[in-house]
Every structure is written in C-alpha cells, then in structure tokens.
Amino acid sequence: MEFPDLGKHCSEPTCKQLDFLPITCDACKQDFCKDHFSYSGHKCPFAFKKDVQVPVCPLCNAPIPVRRGDIPDVVVGEHMDRDCTFHPGRNRNKVFTHRCSKEGCRKKEMLQLACAQCHGNFCIQHRHPLDHNCQAGSSSVSRGRSSASRAAEQKPSGVSWLAQRLRRTVK
C-alpha cells in the first residue's frame, strides 16, 4: 500500500527522491531531501542573502567581518593577533597595591595597614610604630617597653588576684 500524497519529492533535478520529512530551504523556499538541503548541496541561487557569518571575538566581544570564501576561524585568529583591543596584562586588576612606606622595604600588601600615629602605609613586618621608627608619636612609644606590656605587668595574675580578693573578704 502506497501513500502518494505523503511526503514530497526533492527539488534537486538529479535526485527527485520521495522524502517523508523534507526540509524547506529558507532562501529559495523549495523542498529538499537530507542530502541536498544545504545551500551548497542544491547550489541555491539565493544563498548569498542568507549565508552571512559574523563571528564574535572571544576576547574583546567585537564582531569580526568575514568575506565570502574565508574560513571564520582563520579570520578571528588574525584579528586576535593583530587588531584585538583586549590586553590581559593591561586590564587586570592588581591585588597587591599597598606598598610599604619604610625605607628599603619593597613589600606590598593586599590591605592597607596604616600606622595609628603617623598614618603611613606599612607591610605586616613594619606595621608597629617601633618597627618603622615612627617619629609622629615618639613620646608615647618607648624603646624599652610598650604600653601594652606595662599594663600586662601591672595586672595581677589569676592566683594573686584570687588571693587579694579572698583577703578583702576575710577582713
């Protein structure tokens, strides 16, 4: 049993195959089989209207014009070598931007470490006033001991503190 109305014949003059799932060319609007549906497969006279490729550069996202017959990959490669405006070294954000203000030190830090007295920017090694010879508050910073070490020395230890508290309650 045949179904003469089912499917369509390929419009290619040399083929004329009955195809149950024909593909219509979007340029010339004719029906073709799977072997002849491409523009080059049936030598479409209107292919120049549809066969336009404009690849985009993967680096700078600019459209790259491609002439007929040129391979798009080659044209994009040439653009990347010659005309591309993307420069990875120039556009990259620097991570270590805060340079140490101590003479002779060339270290850079991710975060700004400012001295509370002179407000200079220093690295981890030179962030304390004693480490960078801070001149702004020289009277409050002694060379022998810092105020933190003196406060720790004046504070009684756990056992002596407990003993003092017990003496006060006994009296």
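Just so you know, glycine gets a Cβ as well, placed from its N, Cα and C.
Some features that Swiss-Prot has for this protein:
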ZN_FING   4-52  zinc finger
BINDING   Cys10, Cys15, Cys33, His36  Zn(2+) 1 binding site
BINDING   Cys25, Cys28, His42, Cys44  Zn(2+) 2 binding site
ZN_FING   94-142  zinc finger
BINDING   Cys100, Cys105, Cys123, His126  Zn(2+) 3 binding site
BINDING   Cys115, Cys118, His132, Cys134  Zn(2+) 4 binding site
REGION    135-171  region 'Disordered'
COMPBIAS  136-151  compositional bias 'Low complexity'
Cα proximity to Cys134 (Zn(2+) 4 binding site), best match among binding-site residues Cys10, His36, Cys44, Cys100, His126: His126
Cβ-based isolation winner (fewest other Cβ atoms within 10 Å) among the binding-site residues Cys33, Cys100, Cys105, Cys134: Cys105
Cα separation, Cys44 (Zn(2+) 2 binding site) to Cys15 (Zn(2+) 1 binding site) (Å, whole number): 15
Within 10 angstroms of His132 (Zn(2+) 4 binding site), Cα basis - binding-site residues out of Cys10, His42, His126: His126
Whole-number mean of pLDDT values that fall within the zinc finger (4-52): 86
Same chain, 6+ residues apart, C-beta under 8 Å of the C-beta of Cys115 (Zn(2+) 4 binding site), given in sequence order: Phe122, Arg127, Pro129, His132, Cys134, Ala136
